[in-house]
Structure formats: structure tokens, C-alpha cells
Amino acid sequence: MRVFNTLTDKLEEFKPINDKKVGIYACGVTVYDLCHIGHARSAVVFDVIVKYLRYKGYEVKFVKNFTDIDDKIINRANKEGVSWKEIAEKYTGEYYKDMDRLGITRADIEPKATEHINEMIEIIQTLINKGYAYEIEEGQAKSVYFSVEKFPQYGKLSKKKIDELISGARVEVDERKKSPLDFALWKASKPGEPWWDSPWGKGRPGWHIECSAMSIKYLGETFDIHGGGADLIFPHHENEIAQSEAFTGKPFAKYWIHNGFVTINKEKMSKSLGNVLNIRDLLDIYDAEALRLFLLSSHYRSPIEFAHEYIKEAEATVDRVYSTIMRIEDFEKIEINDKSSIEFDKVKAMLENLKPEFEKAMDDDFNTAKALGILFEFIKEINRFMDKKPSQNKEIDFLVTAKRAIKEIGSVLNLFQRQPVDWYRDLLKVKKIAIKEEEINRLIKERTEARKNKDWKKADSIREQLLSKGIILEDKPDRTIWKVKIN
């Protein structure tokens with residue numbers, strides 16, 4: 001199994017520090033606003049990485065934090081005239097609502113920065129004692145800064161050089177800093193800001209120290225995987241490495257994994273461009289499974305271009321999978337006829353290779369795009385096989401095994417786990433179709449009667465009536481089923 005390590009800038013054989021045990025830390029959100037599709041991508045990527053490692057038999061300890069104190073939280077609280085705690089709690093709750101709908105399994109440990117102030121103070125004090133950090137007087141309290149030039153390996157993750165960073169730095173306002181690159185470990189409190197007592201007086205932690213303190217506490221001084229979005233490589237992850245390795249004298253994380261951006265019209269999402277897409281707004285018009293599939297349809301390191309037509313394509317693909325499962329379930333109910341026989345060596349070989357091929361793709365740096373392609377090719381072939389009307393015992397048994405394989409592979413990606421009927425029920429709601437399921441069933445019953453009485457005009461009229469509302473009818477030998485039309 002190979003993973004791309006941002007630290008070494010190459011694909012490497014994945015060898016955990018402790019054989020089958022894997023420690024993973026992913027940087028979570030700053031809880032000051034609703035999550036956007038970029039947060040969704042990072043959450044889905046690391047959710048699948050954890051699921052796949054567990055599928056492979058690794059014992060994973062997954063830690064994902066909340067930054068619940070930050071300038072953005074304070075600014076939002078001041079703007080709304082409420083406490084910073086209220087803002088943090090409100091948006092932590094909103095985060096869970098979105099993530100639950102996206103099918104994100106909660107991390108084993110989800111620490112909050114404000115619950116780890118003592119651990120941060122201990123690291124900062126050690127860094128001062130070792131000469132890696134220094135204090136700056138701020139009235140009655142002090143701020144503490146990390147001295148970047150004391151850590152010669154600074155820039156090893158982002159491949160940036162200290163001298164180039166210094167010469168490219170903007171005009172530094174604070175002359176008291178030894179270098180424009182030095183970053184805050186502890187900030188002396190300003191009037192009206194939250195604060196904690198510390199050896200440097202009242203203040204609060206800098207952003208970077210929070211993740212170092214929490215990851216070291218729960219995963220140890222050196223652990224396997226540290227991850228997050230590519231936007232965190234510099235300065236956040238670079239600063240984490242510097243302060244953590246200066247503190248422990250040991251390597252921090254063995255593998256650094258970063259997911260690519262979500263772009264809109266080839267531009268990175270940003271509030272200044274006004275192109276930020278909230279998860280909540282998207283889940284108002286699309287099923288969460290379609291959004292999840294869209295995010296997994298590209299390799300996690302590549303940028304992914306958002307467009308509504310791509311989500312619609314993903315929705316149509318999810319629909320095809322559930323329709324296939326529904327078809328298989330219809331064949332499970334048919335009367336066995338062992339006289340007819342269909343040649344199905346090709347599709348049988350595809351089933352035998354399905355899991356090995358899926359694993360081969362996922363073992364190659366979690367290539368979900370390739371893995372999904374393999375699954376969809378198999379589903380296409382299964383439908384061709386069903387077009388031939390299989391009816392022998394061995395053929396139906398094969399279809400049952402195929403369905404089980406689709407579900408098992410889907411479970412690693414948390415896709416295709418619903419009953420097909422629930423997929424359509426949920427689409428009724430998300431598409432805001434102005435007809436209730438009871439009414440659909442009543443009209444189907446009415447149409448069945450009309451067909452029995454050979455009243456084809458009425459039967460066609462009911463079909464058209466439902467179609468105009470976005471409901472498609474499919475007549476089966478023993479019944480009529482309904483589906484939601486995918487645009």
C-alpha cells in the first residue's frame with residue numbers, strides 16, 4: 001500500500017510505526033460559521049481513508065479537533081453581540097448536522113482547543129526553556145513567539161526557504177519580533193477578549209499550538225498520519241512541525257496527507273470572491289449521497305471543479321446503482337427455470353476480480369476515482385447480464401453474490417447502503433416533489449385497476465399525471481414500482 005507524503009513529496013510504502021496500529025490526526029474546523037463544500041471534501045476524504053484502513057485490518061485511532069477559540073470566532077461574537085462560547089457551541093452543533101447528513105463517521109476523539117490550555121502552556125514553557133521561543137511585553141501581560149530561525153528545518157513540508165520567506169515577507173508592523181516569520185504561541189489578552197491565566201499573564205493560545213498540543217496528547221510525540229486541506233500546508237502545518245519537533249526533539253508525523261481544493265470556475269473558493277458554497281445549501285437541493293459521490297469521483301489530491309451539472313451526474317450515477325440493486329432483488333423473486341442457460345463467464349470473472357481490483361486502486365494512494373470506475377464497469381456488465389433474463393439457480397445465486405459485493409465495496413466509501421425504496425423516498429423530499437408517497441401508491445392502485453379493465457386511456461393518463469410531477473412508473477410482471485425522475 002502506497003501513500004503520497006507531502007513531507008517527502010513522493011509516493012511511499014505505508015508502514016505504520018506500530019505494525020497494525022495507526023494514529024491519525026486531521027485538522028478540524030474553526031467553528032464560527034456554517035461549513036462549506038471545501039470542509040465537506042476534507043471530511044469525506046479522511047472519513048474514507050479511516051474506513052479503508054479499518055477494512056484492511058488496521059486498528060485506527062482517529063483524532064479530529066475543533067478550533068473553538070480564534071480571531072474569527074471573537075469577531076463573529078462581537079458582530080452578533082453574543083459570547084464567543086455561544087458562537088463556538090452553535091456552529092459545533094451545525095457542523096455535526098451537516099456531517100451526519102454527509103455520512104461522516106465521528107472521529108474516535110474530537111477534542112476542543114479550549115479544553116487543552118494546560119497542555120499548550122506546558123509546551124510553550126518548554127520551548128522558552130529550550131530557547132526556541134521568547135516573550136514580548138504587552139502592558140500587564142506578555143505574548144510568546146516561536147523563533148523560526150532557531151529551527152533550521154523550517155520549510156521542509158512546504159518546500160519554502162527561510163531567507164526567501166523573510167525577503168518576501170510583508171512590511172512587519174511589530175518591530176519587537178526577531179523575525180517577520182515568528183508566529184504567536186500565546187497572545188496577551190486585549191480588552192473584551194476571552195482569556196486564560198498563564199505564566200505570562202492573561203491571554204489565549206495561538207492557532208498553531210492548539211493542534212500540536214491535542215495531537216501529542218492523544219497520539220503521542222510521533223504518530224503515523226497528519227492531514228488536512230492543502231491550504232493548511234503553510235503556515236499552519238509547517239508551524240506545527242517546527243514547534244512540535246522543537247518541543248519533543250523527535251519527528252512529529254511520519255506521513256502528511258493533504259486533500260486538494262474545491263474550485264468554482266477554476267478559482268479557489270473564498271469569501272472575498274463571494275463564491276463560497278455552504279454544505280447546508282447544497283443539501284437543500286441534492287441528496288447527500290450524490291454530493292459524497294461527486295467528492296470521491298476525483299483523486300483526493302487533485303483540485304475538484306464544482307458545477308451543478310457534475311452533482312446532477314453524480315445523482316444519476318447513484319440512481320443507476322440503486323436501480324441495479326432493485327433489478328437484482330426482482331430476479332431474486334422469480335420462478336427458477338433450470339432449462340434455460342446463459343453464458344456468463346465474463347461477468348463472473350469480473351466479480352472474482354472486483355475486490356482485488358478495488359483494493360489495488362485504493363492501495364495506490366486511496367484512488368477512489370479509479371476504485372469507483374472499476375465498480376461502475378462491473379455494474380454496467382451486471383445490467384447487460386440481467387438483460388438476458390437469467391433464471392437458473394446458479395445465475396440467481398450469482399446475482400445475489402454480486403449485490404453483496406456492490407454493498408460491501410460501497411460500505412468502505414459509505415455509498416449505496418440504503419434500501420433502493422429509501423433512496424427514492426429521500427429524493428421525494430430533497431426534490432420537493434409536490435406529491436406524497438401515499439398518493440403515488442393510491443394512483444398506482446387506480447392505474448392497476450384500469451389496466452385490469454383494459455382502460456388503457458386512464459392508465460396512460462395516470463402515468464402522465466405522475467410523470468408531470470417527476471414520478472416515473474415501471475411495470476413489473478407482478479407489480480408497478482415508482483421512481484423519482486432524475487433531471
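Cβ from N, Cα, C; glycine included.
Pulled from Swiss-Prot:
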| type | residues | note |
| --- | --- | --- |
| BINDING | C27, C211, H236, E240 | Zn(2+) binding site |
| BINDING | K271 | ATP binding site |
| MOTIF | 29-39 | motif ''HIGH' region' |
| MOTIF | 268-272 | motif ''KMSKS' region' |
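Known features from Swiss-Prot, placed on the structure.
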residue : record              : DSSP (3 states)
C27     : Zn(2+) binding site : coil
C211    : Zn(2+) binding site : helix
H236    : Zn(2+) binding site : helix
K271    : ATP binding site    : coil
Cβ-centroid neighbourhood (8 Å) of the Zn(2+) site, C27, C211, H236, E240 excluded: W207, H208, E210, S212, H226, G228, L232, H237, N239
By a Cβ-Cβ criterion of under 8 Å, what residues six or more beyond either terminus of the motif ''HIGH' region' (29-39) are in contact with it? 66-68, 70, 72-73, 75-76, 87-88, 90-92, 94-95, 98-99, 229, 261-262, 269, 276-280, 282, 291, 295, 306
Cβ atoms within 10 Å, counted per site: which of H236, K271 has the most, among these binding-site residues? H236
Given the binding-site residues C27, C211, which one's Cβ is surrounded by the fewest other Cβ atoms within 10 Å? C27
Folded-back contacts onto the motif ''KMSKS' region' (268-272), same chain, C-beta under 8 angstroms, at least six residues removed: 36-38, 261-262
Suppose we draw a 10 Å sphere around the Cβ of E240 (Zn(2+) binding site). How many other Cβ atoms does it contain, all chains included? 26
So what pLDDT does the motif ''KMSKS' region' (268-272) average out to? 79
Cα-to-Cα gap, C211 (Zn(2+) binding site) vs K271 (ATP binding site), nearest whole Å: 24
